[in-house]
Number of protein chains: 2
Amino acid sequence: MQQEERQEWLGVTAPKGFWAGAAAAGIRDGKAERLDVAILYSEQPAVAAGMFTTNRVRSAAVEATEARIREQRRLQAVVVNSGNANACTGEQGTADVLAIQIQAADLFGLEPGDIGVASTGVIGVPLPMDRLSAGIEEAAKKIRDDGGRAFAEAILTTDTYTKEVVRELTVDGQTVRIGGAAKGSGMIHPNMATMLAFLTTDAEVESEALQEALRHAVDASFHCISVDGDTSTNDTVLLLANGMAGNRPLRPDHPDWDRFVEAVTEAAIHLAKAIARDGEGATRLIETRVEGASTDEEARRVAKAVIGSSLVKTAVYGADPNWGRILCAAGYAGSSFDPQNVDIYIGDIAVCRRGGAVPFDEEAARVVLRGDPVPLRVVIGEGSGKAVAWGCDLTERYIEINAHYRT
Amino acid sequence: MQQEERQEWLGVTAPKGFWAGAAAAGIRDGKAERLDVAILYSEQPAVAAGMFTTNRVRSAAVEATEARIREQRRLQAVVVNSGNANACTGEQGTADVLAIQIQAADLFGLEPGDIGVASTGVIGVPLPMDRLSAGIEEAAKKIRDDGGRAFAEAILTTDTYTKEVVRELTVDGQTVRIGGAAKGSGMIHPNMATMLAFLTTDAEVESEALQEALRHAVDASFHCISVDGDTSTNDTVLLLANGMAGNRPLRPDHPDWDRFVEAVTEAAIHLAKAIARDGEGATRLIETRVEGASTDEEARRVAKAVIGSSLVKTAVYGADPNWGRILCAAGYAGSSFDPQNVDIYIGDIAVCRRGGAVPFDEEAARVVLRGDPVPLRVVIGEGSGKAVAWGCDLTERYIEINAHYRT
């Protein structure tokens, strides 16, 4: 397996048979200044796996797409819009999703049930269906087998850059590719999935196995990031496998299964880290590694508490090696450990040993904290459980962005 | 029962027989510019109840004071310092707490076990025992029966004002008073108790009953506030009852029991709200009322999610009536309800009905959001469970304060 950096911009269209296109429809405010409608299309029907927000309040798009995947585990196209979440929009929201599916199905000669839908943006405002419909028509005309970058651009909201990934491996002597695109920014504290992420592969994968691969990948990636602790109403991760690589069907007893899952997981981690680094107002990525917990699950809980702590995030922003906040966050993570056995490192610099202060070079620690990413390490001394979680610093800019999001 | 506003500054010394004093010892940085050591003393031994942080990482003061209360349910004095949390300070921290107890016991002719200790401030730095010891000696000389304000001042860190309360009621024909002082500011997401709060009463109360009254009061007050989601290492709430009012011992079968518990709860709520309003960088108090949940517990979970949401907090700061964020936070609270039955109000203005948008006067809503407190109401439509939680807005100032706390 090797990363092909030069092809990263192909994103979701890197695997065989996946096409994408986008249009500027002015979804947010009527001004068609940026791409905000995107379509992902597969030449062949694709086995589909999905994970969705656990928020009780869910976008109509989440409800519909989850239902489709549960019923048939198969999709051939996905329509995505940014600028409007289609959440808290009642029966109108549900009807609008169906209208999107019908329109896209007509354009591609498919059934409405073959179309997944995802939305992101402001909550509680009905979709501007006239503009969206025009956008879908235009995006459908523009789909290309190298349209991944346009797709990745169109799904962004307050994100500051596109998030794409391409991975490649060999299965049964065939080259298999995994592509992906995601968006994040605010309201990012994924619980089952992140805001929006789309993964594609031309591997042939059995449907149960595909869902299992996605669950594994999401647990180690989107479930390990936080920007602001707010779990969105629209979190959606989709993984589509169209089988065009020509391998024998992948499933857990296939000799290449583990490598496939690993590649999907790596792709998901790549996107999740990009989301964390591009959190609203963030200036850098915080990577917290926890070792020596009693289990991986306990380690993950601690790692997530550390990257979720407002006080840790502001300390990183201020390049302040205030390790007490790291230990404090570990302490309230709900994991049971003896604080007297905890060591903490900022980069390679030990700043806390056995739960207490040690002399260290503060200026050197500040230099690490000013870098990007910022590596933090918490060694608990209970067992062999380990985990990594990713977050970002918390800055004045987050406040500015969110104090006036709608105005 | 009536509030006597003019006596609020008496705080912890309002009930009979409680004295307090404070000194400026330069605990934080050697500069004795502000009060930072405080002593609370009762003429008679007081029955003591306490609730403490559930953080795995706990201050040596928390460990010692909790142990004393568990063992004997009795204290006669409490020594408090700000500027240093004495957390993550290992065996030195434990030894320092004992030294404080011994010194204070000598000064007052008590046993070390009669002395409670509480600390707040920076984590991971040993207490400057020379300065602290001088401060304890000076504070002991200065204790007065109206020293509540000095006590309330000395326990502050980044708080911007003192937090005191006085309540009065009649029990068995005797006037009973409840006094209190608290500090909050940052690292406020109490789980068992808040940063530091001290309640006193001259009522005679049986020890089990006193702990029960405190638990009830804390659940409805300090457990219902959040500033930044970080549960401190030092959270401590103490309630001391010295019996000098001359009533028959209060316990659940006493006819005035409910009124006593209610008065203690009101006092605790008063302090908790003051902490929330004075959160680091906050400009106003957010009061979120949840009604119609299936149980009070479910209602509390929703109310706490709403006041804990960074996106709700920034929206209030920006006076943006973005109700979708309120509904989103309710949705991830872990409570089960049907979003289609949820109504949301900003002040008296309905901004969301049955989980969807309704037309409302945006400018009027902005006026409410610019007021203090900011009343939010979420009506769930499941049952009769209700709760209130208090938080504050999130501003650039929070970032400034915490990006450079130690520097």
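Quick reminder: no glycine exception, Cβ is built from N, Cα and C everywhere.
Small disclaimer: the values here were computed from a predicted structure and weren't measured.
Among the features that TrEMBL reports, active site, nucleophile is placed at B:THR194. Sequence annotations record features per position, and here TrEMBL assigns substrate binding site to B:THR157, B:LYS183, B:THR194, B:GLU280, B:ASN402, B:THR407.
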Interface-proximal binding-site residues, chain A, C-beta separation under 8 A, candidates B:THR157, B:GLU280, B:ASN402: B:ASN402
Number of Cβ atoms other than its own within 10 Å, given for B:THR157 (substrate binding site): 22
Secondary structure at B:THR157 (substrate binding site), reduced by DSSP to three states: coil
Other CB atoms within 10 A, centred on B:GLU280 (substrate binding site): 28
Where B:ASN402 (substrate binding site) falls in three-state DSSP terms: helix
CB contacts for B:LYS183 (substrate binding site) [other CB atoms within 10 A, all chains]: 28
B:LYS183 (substrate binding site) in three-state DSSP notation: strand
